[in-house]
C-alpha cells in the first residue's frame, strides 16, 4: 500500500510518461474503442463511485457522473483532456503512481489526502484510491482508477487522535496564554487552516479583542487588534450571540457576509469558521479559523473546531480562576505575615492551593504559641491581681478565637477534598447544644446578648460526630451573636418532629437582603455582607456548617425577612432510637492545664522561635519542672546527650536540621533512648501527624499548645520515668496510637 502523504521520489521502472504507450487504440474517443474497452467504460458510467480511465500516452480522462462532481466547473471540459491539465494541483503527487501502473503494476492508496480546487474553492478530502492497468492487445493502454471517499472516517480518527494529543499537551500547561497558543497551533496544523485564534468579547458585547493567534505564514496575525463585531455582518453577529457557529466558504458569495466584504478584506479573510463561546447567557469569546482564499469547510472540520473551542475555553477558564485564587492567596498572606512572605513566596507560588493553606495555618499558629503560654503564665503568677487576670483571660480568649479561624480555614479545605472522616456515635443533641453554648459563651457575654434555650425533657438521639456537630452549632450561634447588635436576643429551640431532629437558631440582628440568602453558605459569602468588614471573619463558618451537615446526611437552611429583621437558621438531622456508643464524647477538663505533677521532669525545649521557646519554658518552670532551651537541632542534640532530659518539646521547622531528623537521632542514641520526644509544630494536618510518629516522635501537638494535652503527656512521661528508676533500666517511650495522637491535638 502507498499513501499520498509520502510519495516515492521517482517512478518504479516501467513506461515513463512522455513515451508512447504500446498498442494504444487508434482513437481515444470511447465510441471508436474496441469492444472490451467500451464494456469497461460502460461499467464505469453505471457506477455510483467516482471512477475514470486515463488513456494514451498523455492520460486523457474519461469519467462517470460521480467523478464529475469532484471536478466542479472543470466538467464537462475535462472529458478527453490530459490528466495533468485537468488536475495540475495533484499531478506531481500522482505522477509516480501513474508511471507504476503504466509499467503494468496495480497499486492502492489508503486514506490519501487530496487538496484541489473545485468551483473556485480549495477542498481537502480523503480517498482510498485503486489504480489498475488497462490492457489492449496485450499491452498497457491506460489506467483504470476507482476512488472511495473516506473523509468522514479519516476525520473521525483525526478528531479522536487530536483530542487525545490536545489533552496531553494541555495537561502540562497552567498559563492561559500558552494554552491558547498551543491549541490554536494544533488546530491550524491539523485542519490546514491559515490562521487560528481566540477573540475575547468586551463587556458591552460589541468589540472583539485578539491578544494573540497562530498563523502558518500565509496570513498576518491579528494579535493586539480590536474589531467591532457588527462590522462583519449584523446577521452573523446575531448568530454568534445566539450561540450558533458561523461557517462561510466564500465571503464574497455568501449573502450574510457579502455586504461586509470590505471588513473581511481588511483582515485578509476569504473563508471563515467562527465558533461562539457563551458564558452566563452572553457571548464571551469566539474561536476562529481563517483562510485567505475560498475554501469548503466540511461538517467534520466544523465539529472539530466546536469541540476544541469548548474544551479549551473550559481549560482556560479554570486556569484563570486558579491564577486568580493564587493571587488572592498571596495577597492575604502578605497582609497576615509580611515578614514571612519574602522567605516562602517563591515556594508558595508553585504549590497547590491546599499546600498553601496548610503553610498559612502553620505560620499563624507560630506567633500564637508564645502569646498563649505568656497569658497562662500571667494568670498563674498573678492570680491575686484581678486586672492582670482579666487581661490574661482576654488574651487567652482571643488566641482561642484565632485558633478557631485557622481550624475553620483548614477544615473547609479538608471537607471539600473529602479528607474529613466522621467519628460516628449515638449522640443526645441536647448535649451538642450545651457544648456549643459553652464554646460561644465568651462572645455572647462580650456582646451582652440575652439567650433563651428551649430543650425537650427527653433525649433527642442522632447518629453523628459529637465534636463536629458541636462545631457546626457553635458556628451558627457565633454567626448570630456576631451579626446582632449589643444586647440582642438569641433563641435556640430544639425539638423532634416526624423522626427528625430540628434545631432553630433565631436572632434579632442585622438580617440579610433576599439576594444573599441563597448563597449564604457559599465560601466567602460573608465578605459581601454589610457588617462583614466591621465584624471580621473570613466567611468560612457557615460554609463549614453546610459541608459538615451534608456529611451527616442532614440539612441546614437560612431565612431572613430582610435587612434589620433578624435571621433564622434551621438545622435538621434524622433521629435514631436509644443511646449506643456516645459515652466517650465528654469534653476534657479545662482545669487540667493547672495541674501540678507530683514528680518534676527535666524538659528540653527546642524551637528557633525564641519567644515561643522561652515563654513555654517559663510556664513549665512555674509548674515546677526543670527546663532548658535550645534554638537549633545540633545544640539540642549535644545538650540532650549530656543532660538526658525526660521530655523534649521539639519544633519541626528548625534551621539546617529539621525536627524529624532530630527525633530520629534521639531514638538511635543510647543516651537519649528513654527521652520522650514531642513534636510541637504549626503543621496540623493528618499527614503531618503521621509523618511525626513515623520519624520517632511519641506525641504530636499543634501550636498554640493545648495545655490540657501537654499536662497529660507530662503525666505519662513521669510515669515512664518512675518505672525506669524503679527498674534501674531505661524504658523507651512507646509512640502514641492514631487515636491517642489525635486526642493530643484536640484544642482546649
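Glycine is no exception: its Cβ is also placed from the backbone N, Cα and C atoms.
Look at TrEMBL and you will find 359-577 tagged as domain 'Histidine kinase'. Residues or ranges marked as domain 'Response regulatory' in TrEMBL: 602-718. Per TrEMBL, the feature 4-aspartylphosphate maps to 651. Annotated region 'Disordered' per TrEMBL: 725-748, in sequence order.
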Cβ neighbours within the same chain of the residue listed as '4-aspartylphosphate' - under 8 Å, at least six residues apart: 606, 607, 608, 609, 612, 613, 659, 680, 681
Mapped DSSP class for the residue listed as '4-aspartylphosphate', helix or strand or coil: coil
Model confidence over the domain 'Response regulatory' (602-718) (mean pLDDT, whole number): 88
Counts of helix, strand and coil residues, the domain 'Response regulatory' (602-718), according to DSSP: 59 helix, 24 strand, 34 coil
